[in-house]
């Protein structure tokens with residue numbers, strides 16, 4: 001056993017001994033005497049010893065103490081101050097007790113099984129290749145395995161066993177007439193593009209090789225076997241805009257509907273089971289689903305509104321002229337961030353660590369970068385969205401969706417407040433707006449800002465409630481947060497905005513936007529109407545049920561003006577009258 005392969009194992013309490021014992025019994029990298037000493041050490045109640053332990057064990061059992069001879073990889077006990085002084089334990093004396101045998105016969109002992117040769121037979125009498133480390137080399141064209149970290153590949157589970165590969169999450173492929181797991185739907189499209197049109201995403205970088213495949217792992221295995229030099233040759237990703245358009249078209253052709261796990265002969269989704277269960281399944285733009293009780297008002301509205309179907313809500317979308325694809329309204333801001341970076345070089349997020357110039361349009365990317373590159377630093381990232389000028393935002397909105405105001409309405413409240421104040425200052429300086437026509441902006445919106453003046457996102461504190469449509473946590477301590485979030489989904493579902501301009505057809509869910517429109521277009525900021533009192537009771541209950549799982553949850557948060565036209569003097573009387 002090489003010195004650099006040795007690991008120091010600290011045997012913890014009895015709760016972990018059984019796990020370690022089972023692992024040692026099945027270990028293929030330990031000699032017979034080492035395995036017996038390790039089992040005896042585990043059984044007798046702890047201590048320290050050196051045995052040869054493969055690296056994947058540290059990934060499987062992270063709670064056990066694994067370390068090199070010169071340092072501890074995880075938490076080290078107080079008595080392990082000098083690990084380098086621990087010497088390799090010698091064999092037990094001749095009069096020592098015989099090694100204990102495992103009482104669990106279900107685990108196969110390697111020492112009782114003859115060593116496999118380089119070529120062995122599977123159950124179907126097919127030859128099995130092994131590499132120099134004794135690991136099985138699987139066929140790259142075999143679809144019956146999935147990678148499991150380093151070392152041996154484990155077979156993939158067959159059937160619809162767990163949640164992510166359940167029958168409800170399966171899609172129907174129109175090409176091969178098979179059911180495809182949702183987690184494999186992208187790879188399945190790649191496979192058909194390779195078989196039908198010989199289009200592959202990954203190729204080998206070696207000159208005069210020409211090997212290409214739709215899975216990256218296949219090209220990696222090709223380089224290892226054929227070229228035997230991973231340092232000289234790499235996997236080239238040929239993904240570009242043209243391939244993206246081909247993939248988007250193929251995806252729509254192969255999967256006629258987003259969910260076809262339960263379908264009739266014509267591919268139409270069966271609705272009886274969902275309606276009989278009196279629940280509606282809601283899916284947001286990221287594929288996350290949640291169930292909401294289906295009331296009478298909800299079922300009636302679902303028959304009238306094409307946006308509400310038995311399998312969920314299909315929110316309206318906008319067509320991006322630059323990407324030539326439809327974008328869900330709920331992710332328009334995230335989509336525009338990428339175009340702001342490519343068109344104007346304005347990245348929304350940047351790393352705050354000293355000496356780091358990393359920038360990205362996406363929040364998830366900056367969080368991943370900070371955890372990977374600066375794990376020991378407490379600093380955060382910077383949100384530069386307040387530096388985006390109104391002209392550039394309106395310009396990119398027109399270029400992408402053909403509407404100057406669409407992206408502005410989706411910008412954070414802090415951005416709208418910031419640029420509205422700048423616009424008001426400019427109007428005052430130019431003398432366009434008279435002093436008596438200016439109305440002070442309400443300061444209540446400052447409590448609902450998603451970001452502060454420094455551009456850093458604020459954490460939601462206190463009790464929260466998650467929205468079933470977009471899965472965003474909403475603070476229960478701030479009624480304005482709930483109302484402003486509710487009116488966005490109400491507008492998406494029923495095409496009714498809360499505020500409208502009295503002098504034109506402009507509408508918005510935000511008071512700041514309609515005031516800004518009035519100042520810019522009509523020279524006055526108070527020419528708007530709050531239409532919340534005109535909202536239909538059935539539509540409000542429907543949206544509240546879809547958002548919060550309770551049709552009457554939003555009633556306690558609505559302003560008093562909404563109850564007056566309905567003849568309700570107290571919020572509590574609403575339930576009694578509707579009953």
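Using N, Cα and C of the backbone, Cβ positions are placed for all residues, glycine too.
Automatic prediction, not curation, is the source of TrEMBL annotations.
The shown structure was predicted, so the numbers you read here are calculated from the model rather than taken from an experiment.
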TrEMBL annotation (region 'Disordered') - matching range among 184-224, 225-265, 266-306, 307-347: 266-306
Of the residue ranges 371-392, 393-414, 415-436, 437-458, the one that TrEMBL records as region 'Disordered': 437-458
Counts by DSSP class (helix H/G/I, strand E/B, coil) across the domain 'C2H2-type' (349-379): 11 helix, 5 strand, 15 coil
Non-local residues, at least 6 beyond the ends, that sit with Cβ under 8 Å of the domain 'C2H2-type' (349-379): 334, 337-338, 340-341, 457
